[in-house]
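**Student:** Just passing along the structure, written as structure tokens.
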Amino acid sequence: MGTHNYNFTEQFEFTGKPKMLSIIGIVIGLAAIGYGLSDHELHERTFANLLLMAYYFAFVCMSGAFFLALQYVAQAGWSASILRVPQAMARTLPLAAVVLVLVIGAGLYSHNLYHHWNAPGLTDPSSEHYDKLIAGKSDFLNVPFFMFREVLFLAIYSFFAVMFAKNSVNEDLEGGLNYYNKNFKYAVVFLALYGFTTPIFAFDTIMSIEAHWFSTMFGWYNFASMWVSCLATIAVILILLKKSGYMPWLNNSHLHNLGQFIFGFSIFWTYTWFCQFLLIYYANMPEETVYFYKRLEYYKFWFYLNLLLNFLAPVFLLMDRDNKRSENVLLIVSIIIICGHWVDLYQMIMPGSVESHNGFGFIEVGIAAGFVGLFTFAVLSALSKQPLIAKNHPFLEESLNHHL
């Protein structure tokens, strides 16, 4: 490290324009929520948008912890100098988890979310609303057990995210390999739990919105969507930091690695999307095709926009090696992907929540702006609490000299 003229104590200062913009975003979000809740006919649409953004917020932060765990288990050297960004995202996970639990709890209590299995009378044989299929799933899909699973999974992810950050702080203070080895052990356990529980988490939070329908691909499809969104978010934050005069050690080779991941997992997302769609389309079973019927009948624009933003744009724009190494191109593609996976979640959630009574206006834009503001405020606040580089990371020298 002595051969480099980098300031290893440099810290990000969260002041000025970024802080002001994030606060403005939060205020716009609160105004949009207030507007939606002021009209009874807009309640379901408002809660559907709240669920969309709360889930997006939480899963991207979870994926930040997943990124850290992958680097530890793989003993990756290239990423050692950029780990503070996914670490800041992971440190935000407890806040994101609380927000998601509150949104789900309020939605269940008010019957504005999950009404396909949470509406009164669905499991009562004497009720005119009795649904035999939902009654058969009621041991799993009932409010107490559902909320228990949500809280349990989010608590597990938050615990590991906090431990990764805590050990990283101690590594900065004391050096040595002790805390790196601790994080390696935590990462092994975290990856095993994450792989097992995230499909169930996706089944519960998103797929159960339409409880008559199910897909065994849905968990992996959600994972791919949120993972590539996380990679794009990391790229956006890193590039904007570099453009603001921070992180001079960030070079084109680091961007190239991120660009390769974004390119590859955009194709993986398309693979999971197409497998799910093709199997249902080819089998042509009414209890399965109803899912895509709604989307092609009432959400056709969003359906095709989803493929354009999440497959065609990243694949064609990042196919070229030079584009993966370009700050401007990677920044544009990453922003497209972040918006694209908002569209992906929109067409997952809205058809089952509001059926054909969808819309796009102040509620959608305002709530999205509010959560972007909250995410920005929380992540950049966490980022400002430590130096921007893990100075005692055992692979730091390899990362500083990373060239492809």
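Cβ coordinates come from backbone N, Cα and C, glycine included.
Below are the features I grabbed from TrEMBL:
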- 20-38: transmembrane segment (TRANSMEM)
- 50-73: transmembrane segment (TRANSMEM)
- 93-110: transmembrane segment (TRANSMEM)
- 146-165: transmembrane segment (TRANSMEM)
- 186-207: transmembrane segment (TRANSMEM)
- 219-241: transmembrane segment (TRANSMEM)
- 261-281: transmembrane segment (TRANSMEM)
- 301-318: transmembrane segment (TRANSMEM)
- 330-349: transmembrane segment (TRANSMEM)
- 361-383: transmembrane segment (TRANSMEM)
**Student:** In the same chain, who gets a Cβ under 8 Å from the transmembrane segment (50-73) while lying at least 6 residues past its ends?
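**Tutor:** That would be 33, 79-80, 83, 86-90, 92-93, 96-97, 99-100, 103-104, 107, 113, 154, 157, 160-161, 164, 180, 183-184, 186-188, 190-191, 194, 198, 205-206, 222, 226-227, 229-231, 233-234, 341-342, 345-346, 349, 353, 367-368, 370-371, 374-375.
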**Student:** What stretch in 20-38, 93-110, 146-165, 219-241, 361-383 has the biggest tally of Cβ pairs under 8 Å against the transmembrane segment (186-207)?
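**Tutor:** The stretch I would name here is 146-165.
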**Student:** Given the cut-off of 8 Å on Cβ pairs that are 6 or more apart in sequence, determine whether the transmembrane segment (361-383) and the transmembrane segment (146-165) share at least 3 such pairs.
**Tutor:** no
**Student:** Please check if the transmembrane segment (219-241) comes into contact with the transmembrane segment (261-281), where contact means 3 or more CB pairs closer than 8 Å and the residues in each pair are separated by 6 or more positions.
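**Tutor:** In this chain the transmembrane segment (219-241) contacts the transmembrane segment (261-281) - 3 or more Cβ pairs sit under 8 Å.
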